[in-house]
């Protein structure tokens, strides 16, 4: 295998929120959410950002290239499929995720009680120990009450043959 032993990827995603829609973050349904993501897929901003981080680490573009929001076939799609495709592309090139750090900005509901669930879900989807997925939560301090945003950094390691 050739190439750098490590690569760093960065991903970001945001969705407007509206009443009557589910809110899913990191593959976890968020209970008691009054607002949910407005999106072509299920609107999981965490998994979208993780997928983009995986792709950017190897200069493979972004999820919009693989799952355009103009294609009817992706309407309502479970974002775990998006992440699985990004992971497949990374693994095909001889890399795997080593560590993930993610920050979710959301004013309400408070997500602290779900930190371990979100970390465990993302870790499982990536084949990592839960301790390799760091999850932080922030608020917008009232600046943007009706949106969710996620920023993610991923460390990719080359898999030696």
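Any Cβ shown, glycine's included, is placed from N, Cα and C.
Positions annotated as 4-CDP-2-C-methyl-D-erythritol 2-phosphate binding site by Swiss-Prot, on the basis of sequence analysis: 13, 14, 15, 40, 41, 62, 63, 64. Residue 64 (4-CDP-2-C-methyl-D-erythritol 2-phosphate binding site) carries a helical DSSP state (H, G or I). Within 10 Å of the C-beta of residue 64 (4-CDP-2-C-methyl-D-erythritol 2-phosphate binding site) we count 11 further C-beta atoms, all protein chains included.
Taken from Swiss-Prot, the feature divalent metal cation binding site covers 13, 15, 48. Non-local neighbourhood of residue 13 (4-CDP-2-C-methyl-D-erythritol 2-phosphate binding site): 45, 46, 48, 49, 52, 149, 150, each in the same chain, at least six residues away, with C-beta under 8 Å from its C-beta.
Just so you know, the Cβ of residue 40 (4-CDP-2-C-methyl-D-erythritol 2-phosphate binding site) picks up 15 other Cβ atoms within 10 Å once every protein chain is counted. Annotation source Swiss-Prot lists site 'Transition state stabilizer' at 40 (among others).
Note: residue 139 (site 'Transition state stabilizer') has non-local neighbours 105, 106, 107, i.e. same-chain residues 6+ apart with C-beta under 8 A of its own C-beta. According to Swiss-Prot, the site 'Transition state stabilizer' annotation covers 139 (among others).
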Fewest Cβ neighbours within 10 Å, where candidates are the binding-site residues 14, 63: 14
Any further residue of that chain within 8 Å (Cβ to the Cβ centroid of 13, 14, 15, 40, 41, 62, 63, 64) of the recorded 4-CDP-2-C-methyl-D-erythritol 2-phosphate site: 39, 45, 48, 52, 67, 69
Binding-site residues listed as 15, 48, least Cβ neighbours within 10 Å: 15
Local backbone state of residue 41 (4-CDP-2-C-methyl-D-erythritol 2-phosphate binding site), from DSSP in three classes: coil
Listed binding-site residues (41, 62), ranked by Cβ neighbours within 10 Å, top entry: 41
